[in-house]
Amino acid sequence: MSNDKSYCGFIAIVGRPNVGKSTLLNKLLGQKISITSRKAQTTRHRIVGIHTEGAYQAIYVDTPGLHMEEKRAINRLMNKAASSSIGDVELVIFVVEGTRWTPDDEMVLNKLRDGKAPVILAVNKVDNVQEKADLLPHLQFLASQMNFLDIVPISAETGLNVDTIAAIVRKHLPEATHHFPEDYITDRSQRFMASEIIREKLMRFLGAELPYSVTVEIERFVSNERGGYDINGLILVEREGQKKMVIGNKGAKIKTIGIEARKDMQEMFEAPVHLELWVKVKSGWADDERALRSLGYVDDL
């Protein structure tokens, strides 16, 4: 008699900004769908990553980092997106960084204590901990904070113990029909993924120079007769000086960003891509909830 049981559930990946949530998601999926950079607050939307293996389907929600600073409209909305992800999942992966513990970590923990879902604590970047003797006392301190389902020291970057996290997730998926076909890796549209790729390259090549007041709008995304895609991306900044920074000397910076973004798009979409980028000043958008709604920042709240 064949066993036709299937298992499926939602898992939220939460934590303060820049602890490695997106890197962990990409590692769990075996490919990149969530943008990563060393700059905090890179993830702005909840990304759904789907991993299907045989009878098991894990649907991961990669939340923006929760943080205490809520002054700007964009930060308020990002915190709301992250908090709402915690409420409707079967399991939570709480990511913290090595032996660091901050008020933002404490704030996330307090939200999790109020929740019903079991929590796996993923202690990331353990390979970067200089004093290994500090690790065990810190893990004991963390264990005393909450009744975690499990505590797993990991390195999302190298993949250390990520398979352990995946095994714990699989073991706790409820019996349910799969929500997505087995070949799906995300429920986000190609248009959305294109904007995320461009935004990652902006973060990568402009780094600390560029404030968070930059976003990307895909104005055109069409199939062409060559079997590929024609994509027009609009980069929105808040000030004229930022526009010059993005364009670079004689257009060198935006050219590099475009070349690297196109490479990633072609790999993701498995088709040729013709990409054109423009930069436009739209002052105050990060403070304007209406502007944020028009850019899709509240479609998932």
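Here, residue 1 is simply the first one shown, and the rest follow in order.
Just so you know, glycine gets a Cβ as well, placed from its N, Cα and C.
As stated in Swiss-Prot, the feature region 'G4' covers range 124-127 out of the listed 68-71, 96-99, 104-107, 124-127. Of the listed segments 62-65, 186-189, 238-241, Swiss-Prot assigns region 'G3' to 62-65. When pLDDT values are averaged over the region 'G4' (124-127), the model yields 95. Under the DSSP three-state reduction, Gly15 (GTP binding site) is assigned to coil, being neither helix nor strand. Under DSSP, Val126 (GTP binding site) is assigned to a helix (H, G or I) in the three-state scheme. Residue counts of the domain 'KH type-2' (206-283) by helix, strand and coil are 33 helix, 28 strand, 17 coil (DSSP-based).
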